[in-house]
């Protein structure tokens, strides 16, 4: 099976965990797109009813609305029952790097408001230690070059996330700097260091935030219980 087939398998499998009446966090990314497509199909067929979606990006919101899924702003709900999202890397101890799609800030806010968080990935995303995938940090535009320079001095090998010939803009109109770290020995210490740097809004380190992971494999979807 190719990677897209594994993503589709995983996305469809995750919809089995969505029940009628739920408030569901809808993530962002290529695997989540398959999940939202399947959810929309089941909503249209009347198999899942009265659900509300809270999205982690404007593009997921558009996709969901086009499929007939009711969408509400996160501040218009008091909780989220289940959030289903992708991940760029998941370590052996279920820590994650997210933000390859540029939605890390909204993703973390939605995850924090959720009773349960599920990540859906193909098996290529499972790693022993985090760090091979570039770690995104979201920065406000004002003074962002100074933040970039500080990260460079620390040896974190920063690069600007680009959108064509311009700097990529998040849904909050911020920039993203990707850090090429190779391997992260202490994710918590790194997260604490980065979040205390003035100008950094959020990091792509998602630590102790996931409950279950569905992994797409050639033998079929596999569910891993994190906590």
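Backbone N, Cα and C define each Cβ position, glycine as well.
Lifted from Swiss-Prot, the feature list:
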- 28, 29, 30, 31, 85, 86, 87, 88, 98, 99, 100, 101, 125: substrate binding site (BINDING)
- 107: active site, proton acceptor (ACT_SITE)
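Positions of Swiss-Prot features highlighted on the structure.
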residue: 28; record: substrate binding site; CB count, 10 Å: 29
residue: 30; record: substrate binding site; CB count, 10 Å: 15
residue: 85; record: substrate binding site; CB count, 10 Å: 31
residue: 87; record: substrate binding site; CB count, 10 Å: 26
residue: 98; record: substrate binding site; CB count, 10 Å: 30
residue: 100; record: substrate binding site; CB count, 10 Å: 21
residue: 107; record: active site, proton acceptor; CB count, 10 Å: 29
residue: 125; record: substrate binding site; CB count, 10 Å: 20
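The residue listed as 'active site, proton acceptor' sits 15 Å from residue 30 (substrate binding site), counting Cα to Cα. Shown in sequence order, 27, 32, 121 are the same-chain residues outside 28, 29, 30, 31, 85, 86, 87, 88, 98, 99, 100, 101, 125 whose Cβ sits within 8 Å of the Cβ centre of the substrate site. Among 28, 29, 30, 31, 85, 86, 87, 88, 98, 99, 100, 101, 125, the residues given in the record as binding substrate, the maximal Cα to Cα distance rounds to 16 Å.
A coil conformation is recorded for residue 98 (substrate binding site) in the three-state DSSP classification, outside any helix or strand. In this structure, residue 28 (substrate binding site) belongs to neither helix nor strand by DSSP; it is coil.
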